[in-house]
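**Student:** Reproduced below are the annotations present in Swiss-Prot:
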ACT_SITE  35  active site
ACT_SITE  51  active site
DISULFID  6-126  disulfide bond
DISULFID  30-114  disulfide bond
DISULFID  63-79  disulfide bond
DISULFID  75-93  disulfide bond
DOMAIN    1-128  domain 'C-type lysozyme'
């Protein structure tokens with residue numbers, strides 16, 4: 001499923017993501033825009049691992065896809081569940097990622113497109 005920007009923002013807000021570990025709702029929406037363009041089915045292969053779903057969660061550290069050597073699976077989930085339309089496990093795993101010392105900087109797309117930028121446009125016009 002490709003989520004509408006505002007629909008996605010509303011789901012995140014309901015799930016307690018606004019301000020979670022100091023990350024504003026607009027930053028989360030910016031991150032997902034640039035990682036997956038709000039597409040739950042997004043898959044991107046890297047050398048030795050793969051990124052899955054709307055937040056592009058990586059199989060080396062966070063989920064198990066059964067084909068990544070020495071995978072940690074810190075979110076204790078199958079990567080497959082990150083590709084369905086239900087965002088609850090994606091959100092729980094994203095929360096787990098930002099609890100690490102690196103926080104939201106774990107996402108390259110956030111560092112490239114959202115860090116130190118005016119991200120208010122990502123939730124502008126959304127009824128939140």
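Every residue gets a Cβ built from N, Cα and C, even glycine.
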**Student:** Counting Cβ neighbours within 10 Å across all chains shown, tell me which of the disulfide-bonded residues 63, 93, 126 comes out on top.
**Tutor:** 63
**Student:** Sorry to bug you, but what's the C-alpha spacing from residue 63 (disulfide bond) to residue 126 (disulfide bond), rounded to the closest Å?
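**Tutor:** About 31 Å separates the two Cα atoms.
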**Student:** Quick one: DSSP breakdown of the domain 'C-type lysozyme' (1-128) into helix, strand and coil?
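**Tutor:** Counts, helix then strand then coil: 52 helix, 14 strand, 62 coil.
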**Student:** Show me the subset of 6, 30, 35, 51, 114 whose Cα is within 10 Å of residue 79 (disulfide bond); these are the recorded positions I mean.
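**Tutor:** Correct set: 51.
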